[in-house]
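Engineer: Annotated substrate binding site per Swiss-Prot: ASP108, ASP112, ARG198, HIS199, TYR200, ASP201, SER246, TRP247, ASP248, LYS249, GLU250, ARG336, TYR337, in sequence order. Taken from Swiss-Prot, the feature Mg(2+) 1 binding site applies to ASP108, ASP112. Summarising the annotation, Swiss-Prot assigns Mg(2+) 2 binding site to ASP108, ASP112 and lists similarity to another entry as the type of evidence. Annotation comment: Swiss-Prot describes ARG459, HIS488, ARG505 as isopentenyl diphosphate binding site, evidence class similarity to another entry. Swiss-Prot lists ASP495, ASP499 with the feature Mg(2+) 3 binding site, giving similarity to another entry as the kind of evidence. Annotation source Swiss-Prot lists Mg(2+) 4 binding site at ASP495, ASP499. What Swiss-Prot records for ARG504, LYS581, THR582, GLN617 is dimethylallyl diphosphate binding site, and it gives similarity to another entry as the kind of evidence. If you look up Swiss-Prot, you'll see 1-344 marked as region 'Terpene cyclase'. Residues annotated as region 'Disordered' in Swiss-Prot: 399-422. Positions annotated as motif 'DDXXD' by Swiss-Prot, on the basis of a curator's inference: 108-112, 495-499.
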Amino acid sequence: MASTMMNYQDCGPMRYKSSVPVPASLYENTAYPSKFRPRISKHVDVADKACWEACDDFENATGLKLKADSVGCINPIGGNVNALWFPEAIPERLHIISYLSELLFRHDDLTDDAVTPEQFDEVHGPLARFLGSESKQSDHTTKHNAMNTMQARVAIEALEQNEQLGKLVIEKWKGIVSVRGQDAFMEHKTLDSYMHVRHYDAGAYSVWSQILFCCDISLTDEELTGLEPLTWLAFTQMILWHDYCSWDKEAATYLEREEGGSNMSAVQVYMAMYGLDQYAAKEFLLSEITRIEDEYCERKASYMIEFPPAPHITHYIGLIEMCMAGNTLWHLSSRRYNPAAPLPRREDIGKVNGGPLDASEVSKPVECSESDLGILTPVSSRLSTKRLRPFWNNQRTEYTTMTPAETSSDDKKKKAKASHETREDLLTVSPCAWPAEPDEKDILAAYLYTAARPASGARDKLMDALDKWYRVPPDALATIRTIIRIMHNASLMLDDVQDNSPVRRGSPSAHVIFGTAQTTNSASYLMIKCVDLARRLGDDSLSCLLSELSQLHLGQSHDLAWTFHCKAPSIPEYYSHLEQKTGGLFRMASRMMRASATQNKHLDACKLMSLLGRLYQLRDDYQDITSESLSTYDDLDEGSFTLPLIHALHREEEQGEVQLHSILQSARAARSASASSNNDGKLSVETKLLIREMLEEAGSLEHTRVVIRGLYDETRAVLTAMENEAGSGGKNWMLHLITFQLKV
């Protein structure tokens, strides 16, 4: 254990702007094992207020009352963990990150009762899918949507502060909530395998992104990679110290469960590796924590001599060390892990060491008083005498090298397929499910194949967001979700047939596998079933579906005619087409939800849905032609007219030229010939490059960017107006995030 005469060192070297020293009495004692002096933000009150705000939002949104002894980030002794992790943070960004951290603690509490990988995923999965991939029907509960609303709020506020660093925070945050149950419940035979998962699960990769964001620092990928030998050690020390301090609480929780459960801790890894009891394992872990910090200091000294870093890198290293020191102090005195510590109270906002933060406190050795010993004593002295049983069983899997951030595309496809394997997964909607026909197998085959392909889940996320306003009864909303999902996939099947598209979502299109006739028949059958489902919801829902279904077909008719005749529409005609086709499904969802709404029934989202549909498609147009991969230029291969292409063709016509039009006519002839040959009808790389060059010269790409930015502003204005119309509580963070993600 550390000596009271330890030679403490300041973090850095660096200049301090927003932090002050922590009172020395909190760390100059035998309980604090680190060499680094902790500092705390002068704006600790900002962090505390953000955390209380997150608690209130959680209770109001979920209807769940937090337990009286439930503790997150706030600590009236050592200070708020975010003020200790990020003492040099910009106040506005400290507020954002503190809210996010409190959300993580509340989410972590929800996973505490999980005793199987499946139960873990039930709680953990929806947050990850909201930030990334296609959702599941079980994701859309009030509790999950409440957590997603809080995530969306943090994401929007971070992106508005700094889009680049905000995106980095969101990306790394997704890594935390993407850890799967099989990873959380696996047996680890070595500390390396354990740490490999914990660097995701415990948020190590998220912490460094938050440091950059909070302190407004930009490092290149090369600079971050060069620092990995240091950052890996620093974050390993933080994770192991967490395991050391949290062991009593987590072990006690585990022992209370008759059925066992997850108890991911380095203490238990050491117990299994070396056959130690919990006391010896904890002492061994503490020695490892000290050794790792020593190794960090040695490596840092060598790094500073061999590769003298630029000032901004030196500053970043200092921020990491402050994070290490703050993490060490906070765990010692937090009620979350120490039952002798006081509970946070709202009247204690901004307090440190039980009183207001004193910026004049100097680092002077002070011995602990007897009253402090219940809080600042080595955790090993508070261990219970109860022994533990192993936490794994034969059903748990061993560690694999696949990590959440490194999941292969094949693995993603398998997971997507696994969630859409059966008729029941895709079609059954209680209580409005239609009876299974005795001979449905053939007619559903093409549809089930299409629905099993990975998708973005954009429409499900949109309905989650709209339900913030409409509060549709769960059964009705589940039916509407199924209708929209089926209508979307069925329309894609028909589009691929009519456009002769060989690929959909990275796999062969359904008609390539099942033939045109079977695919068309399957899609038509499913659309009929959707009409039946809408009828069961009521006349208003049926009317919504039929009117928007008509618009979808009208929009497709224009697209087919333009492509067949190789005649570009006017830009207003193209916009009208987008509102019919892409906006049609969005409006169908919003109108059906409004028809079944229990609140805000007066709120008409049609204009917003039309704008979102247009924005969604124009961004897709732009990204397809500006992609670095030539193989992505699908619109050119299919002969589809997009805004950049339409703009360039009209400019060419004004100038009396025909080159671009001639290329498109030749491409159309090649596609027609490919229908009776082995040629896939795709444009050559050289032709695609030429078209891209012509679009740039015509100013069509810049024109598209300008249009998208203007449309983005218009969409946000309409969204704000709807929020005002919805009245108190009408702020829709999820819709703001959906809109922001369409920005270019």
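Cβ atoms are placed via backbone N, Cα and C, with glycine included.
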Engineer: With every protein chain in view, how many other Cβ atoms are within 10 Å of the Cβ of TYR337 (substrate binding site)?
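Structural biologist: I count 20 other Cβ atoms within 10 Å of it.
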Engineer: For a quick check of packing: other C-beta atoms within 10 Å of the C-beta of ASP499 (Mg(2+) 3 binding site), how many?
Structural biologist: 19
Engineer: Cβ atoms within 10 Å, counted per site: which of ARG198, HIS488, ARG504, ARG505 has the most, among these binding-site residues?
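Structural biologist: Its Cβ has the most other Cβ atoms within 10 Å: ARG198.
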Engineer: ASP499 (Mg(2+) 3 binding site): which of the binding-site residues ASP108, ASP248, GLU250 is the nearest Cα neighbour?
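Structural biologist: Closest by Cα: ASP108.
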Engineer: About how far apart, in whole Å, are the alpha carbons (Cα) of SER246 (substrate binding site) and LYS581 (dimethylallyl diphosphate binding site)?
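Structural biologist: So the Cα of LYS581 (dimethylallyl diphosphate binding site) lies 54 Å away from that of SER246 (substrate binding site).
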Engineer: So the record assigns ARG459, HIS488, ARG505 to isopentenyl diphosphate. If I measure every Cα pair among those residues, what is the longest distance in angstrom, as a whole number?
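Structural biologist: Pairwise Cα check on ARG459, HIS488, ARG505 gives a maximum of 16 Å.
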Engineer: Given the dimethylallyl diphosphate binding site residues ARG504, LYS581, THR582, GLN617 in the record, what is the largest Cα to Cα distance, rounded to whole Å?
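Structural biologist: Largest pairwise Cα separation, rounded: 18 Å.
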Engineer: To the nearest whole angstrom, state the Cα distance for the pair ARG198 (substrate binding site) and ARG505 (isopentenyl diphosphate binding site).
Structural biologist: 32
Engineer: For the motif 'DDXXD' (495-499), jot down how many residues DSSP puts in helix, in strand and in coil.
Structural biologist: 5 helix, 0 strand, 0 coil
Engineer: How long is the line from the C-alpha of ASP108 (substrate binding site) to the C-alpha of ARG504 (dimethylallyl diphosphate binding site), rounded to the nearest angstrom?
Structural biologist: 37
Engineer: If the isopentenyl diphosphate site is taken as the center of the Cβ atoms of ARG459, HIS488, ARG505, which further residues of that chain fall within 8 Å of it by their Cβ?
Structural biologist: ALA455, SER456, GLY457, ALA458, ARG485, ASN489, LEU492
Engineer: Compared by Cα position, which of the binding-site residues ARG505, LYS581, THR582, GLN617 is the closest one to GLU250 (substrate binding site)?
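Structural biologist: That would be ARG505, nearest by Cα distance.
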Engineer: ASP248 (substrate binding site) has how many other Cβ neighbours within 10 Å of its own Cβ?
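Structural biologist: Cβ-Cβ neighbours of ASP248 (substrate binding site) within 10 Å number 20.
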Engineer: Which binding-site residues (TYR200, ASP248, HIS488) fall within 10 Å of ARG504 (dimethylallyl diphosphate binding site) by Cα distance?
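Structural biologist: Correct set: empty; none qualify.
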Engineer: Would you report the average pLDDT that the model assigns to the motif 'DDXXD' (495-499)?
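Structural biologist: Within the motif 'DDXXD' (495-499), the model's average pLDDT equals 91.
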Engineer: Sequence gap of 6 or more, Cβ distance under 8 Å: name the residues on the same chain that satisfy this around ARG459 (isopentenyl diphosphate binding site), in order along the sequence.
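Structural biologist: Non-local contacts for ARG459 (isopentenyl diphosphate binding site): ILE484, ARG485, HIS488, LEU585, PHE586, ALA589.
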